[in-house]
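S.K.: To start, I am sharing the structure in question, which I have written as structure tokens.
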Amino acid sequence: MTMAGGRRGLVAPQNTFLENIVRRSNDTNFVLGNAQIVDWPIVYSNDGFCKLSGYHRAEVMQKSSACSFMYGELTDKDTVEKVRQTFENYEMNSFEILMYKKNRTPVWFFVKIAPIRNEQDKVVLFLCTFSDITAFKQPIEDDSCKGWGKFARLTRALTSSRGVLQQLAPSVQKGENVHKHSRLAEVLQLGSDILPQYKQEAPKTPPHIILHYCVFKTTWDWIILILTFYTAILVPYNVSFKTRQNNVAWLVVDSIVDVIFLVDIVLNFHTTFVGPAGEVISDPKLIRMNYLKTWFVIDLLSCLPYDVINAFENVDEVSAFMGDPGKIGFADQIPPPLEGRESQGISSLFSSLKVVRLLRLGRVARKLDHYIEYGAAVLVLLVCVFGLAAHWMACIWYSIGDYEIFDEDTKTIRNNSWLYQLALDIGTPYQFNGSGSGKWEGGPSKNSVYISSLYFTMTSLTSVGFGNIAPSTDIEKIFAVAIMMIGSLLYATIFGNVTTIFQQMYANTNRYHEMLNSVRDFLKLYQVPKGLSERVMDYIVSTWSMSRGIDTEKVLQICPKDMRADICVHLNRKVFKEHPAFRLASDGCLRALAMEFQTVHCAPGDLIYHAGESVDSLCFVVSGSLEVIQDDEVVAILGKGDVFGDVFWKEATLAQSCANVRALTYCDLHVIKRDALQKVLEFYTAFSHSFSRNLILTYNLRKRIVFRKISDVKREEEERMKRKNEAPLILPPDHPVRRLFQRFRQQKEARLAAERGGRDLDDLDVEKGNALTDHTSANHSLVKASVVTVRESPATPVSFQAATTSTVSDHAKLHAPGSECLGPKAVSCDPAKRKGWARFKDACGKGEDWNKVSKAESMETLPERTKAPGEATLKKTDSCDSGITKSDLRLDNVGETRSPQDRSPILAEVKHSFYPIPEQTLQATVLEVKYELKEDIKALNAKMTSIEKQLSEILRILMSRGSAQSPQETGEISRPQSPESDRDIFGAS
């Protein structure tokens, strides 16, 4: 039984590009390439190309659409360049090129390249067709081939190129010398009609084709339904009561009805219908063939204009022997002439042929499934059928009475007829007019007779039978028996078992509508977007039309295990027959695999795999087409016979999908889970080897394709050219950026000058520098350790000036190996040259400046120290920063052997070689560093406490002296003119 969705068909938008190409290119070998990825990789190849080239589909996937993998030493380089230019310029072109098959056999191909556009008029694919023209390129006449060898070669060439010759034959005229190159290119030229767009679109109907579910056709069907009931009621009435023989008005009405039914026949030749798989058939040829095989003959017989044919007959003589048109008339006792009897017989024949119009009820039968899914409509139709049967039997009951009331032998009225008894009961008896017309007159009227007939048939069909109208003659009794038999059957079937009929006939319909209502309520409750809602509804309708509401799992559970396995093998027979991986499987192995397979139906737009999702299934495409999308680009198009997923039998881990797999059309997939497949392969070891060797995935979702988009390459090229053509940036001399760089350059030059001065001072201070030079040079190829030394004088109590001078000269005089005295914006290392505010600032800021020294600055002069190790030696003394420097040294040199020189400050400037040491020695070294670090931290805390006391003493002296001075002097002390002021504040005081 067809559901509402099945009656309408599957009308969701779908991408039928691949199906259109395959259907229109039955004898063409072609590949499809992505036009938006570098090298235009192949995303689909048909079976013809695989047979022609010798490659498997999985082997050519992701290779260049230019088929560079088929080039060889004899391939023309100029033609290859032209092919590349055609791809780059998105042009349509054709070439003749020599390529090589997989077995390296050279073959001449005629290649046609055509761009495919999407709904945005953007080229997204390339269609490349290949035709073997080797027979036309190789000369038949060859000196090496003579006699039968030449004939065999000619026969082989003609046989291999029979399809091309059949195309060329109609266009070749006798006596013409046709150029093979141009003629072949012209014949194999693809027109624009064979290049559909790559986009999703609703099913299109050709011109002059009407959709069977459109508003116009629905309205027309209702009109036909009403006229069909009109015909079913009036045709039996007119035939039985012999009315409208000469009534022109009714003749015109019946003729109009006949014309409408003839128009309906014409429309049926141009109306779509739903195919067995739920698809909408819009091909005009298929529509016509389907209608001619089904309802055409019946519709044609029911539409013949019998009234018009009967009107052209000579019925004037017949009317002279008929009674009053308003009453029931009978023939005169005088027999009519022979011509009148012949005319009356012909007229009665055509009047009886009107009954053929009842075949129009077939139109109701074919559309009955449109309405019987609703309970109220079914009840109304059943009541109408019962009433229509009573109407037909009433007409037959009157015809029997009209035939029985007149005795042909005695030319008298039979008083045992039910019409005679009815005439007596209602007071209108029959009378013979002997003086006038000489006919029988009187009797009941037409309306009274019809109502009485309908009353009798109704009481008989319902088995009531009041008995006021009863059969008297033998024919009437036989018909009464037939009425009672038919009535009992109709009554018991229609009225006695209505509930049972509904439960048995419409159980699936009720479940279907219950499911639809539940889905609609769910979508409405959670406010699912309209687009997604339509996809859900379309999927449910399409799935129901495919399964007809049958629960496959429930049916299989009823069957025993052996029978269930046989059914599963039958359901998956397409997968087992089409793929060579299952050819060596035993019956037991196939049955085990079939039990694990699942059939999945996908609607257009459904995502089978999302990027990043676990690939836990192996999918076989049985029907439909899908696309594989990676980074918003189509990298493969999968069709019937393709396999995608992951090679579970070779990988130990569960893979993540690197792309999205989306259905383009309605698809049927046969899916087997990873665990189930591995379980079967582990049990059937022999089959597992054959399976892993012969099963080739069309697309492996585990592997990610690395590609570059042409748009990205072009954008990078444009940016590079733009930077190349840009004018250089010219800054004026007084620009802030230029001034900033000049300042950095000056500071760097000053720092380098200070380094050179510091090295000269260090050479004078080091006592054993020259003695150690030779020892250091001897070991310069090994690992070196440099130690940062700091000078510091013993801490002694001094006065304010002495403390200040000592702090500037000793505490803040920190040296890095081979570097200058560190300080903010230091130009000279001699603190005696600074005055006033600058001297006080240096005294307070030296500790912070040492922490700001970066490791990169300390390592800048490392190559120079390596070349002249004796120039950068410094003395190691105790200071507040020595602990930190010492700890850094130890941590940097963890794992190296410590020598006595490392522990002695005197030999710190000597560079030593270090070698790997055992783990225990390393642990001892780390512990020693830890203890030394603790001691250094304690010394640092003591020194910080001493510094705080000195600072508090300085603040106390400043406050005491500030209170004795005037406000003008106080302001001068608190706000000096500049850091480099020559005025010595402390000296002035």
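Just so it is clear, glycine is given a Cβ too, placed from its N, Cα and C backbone atoms.
Feature list, courtesy of Swiss-Prot:
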type	residues	note
DOMAIN	14-94	domain 'PAS'
DOMAIN	93-145	domain 'PAC'
REGION	151-162	region 'Required for phosphatidylinositol bisphosphate binding'
TRANSMEM	221-241	transmembrane segment
TOPO_DOM	242-248	topological domain 'Extracellular'
TRANSMEM	249-269	transmembrane segment
TRANSMEM	291-309	transmembrane segment
TOPO_DOM	310-345	topological domain 'Extracellular'
TRANSMEM	346-368	transmembrane segment
TRANSMEM	378-399	transmembrane segment
TOPO_DOM	400-448	topological domain 'Extracellular'
INTRAMEM	449-470	intramembrane segment
TOPO_DOM	471-477	topological domain 'Extracellular'
TRANSMEM	478-498	transmembrane segment
REGION	673-770	region 'Calmodulin-binding'
COMPBIAS	857-879	compositional bias 'Basic and acidic residues'
COMPBIAS	887-901	compositional bias 'Basic and acidic residues'
REGION	924-964	region 'CAD (involved in subunit assembly)'
COMPBIAS	962-979	compositional bias 'Polar residues'
COMPBIAS	980-989	compositional bias 'Basic and acidic residues'
S.K.: Same-chain Cβ contacts of the topological domain 'Extracellular' (471-477) under 8 Å, 6 or more residues past its ends?
M.R.: 397, 400-401, 403-404, 414, 416-418, 421
S.K.: By DSSP, what is the split of the region 'Calmodulin-binding' (673-770) into helix, strand and coil residues?
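M.R.: Split into helix, strand and coil, the region 'Calmodulin-binding' (673-770) gives 66 helix, 4 strand, 28 coil.
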S.K.: Express the predicted model's confidence over the topological domain 'Extracellular' (310-345) as a mean pLDDT, rounded to an integer.
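M.R.: Mean pLDDT, the topological domain 'Extracellular' (310-345): 43.
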S.K.: Take the region 'CAD (involved in subunit assembly)' (924-964) and count its residues per DSSP category (helix H/G/I, strand E/B, coil), listing them in that order.
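M.R.: Helix, strand, coil within the region 'CAD (involved in subunit assembly)' (924-964): 41 helix, 0 strand, 0 coil.
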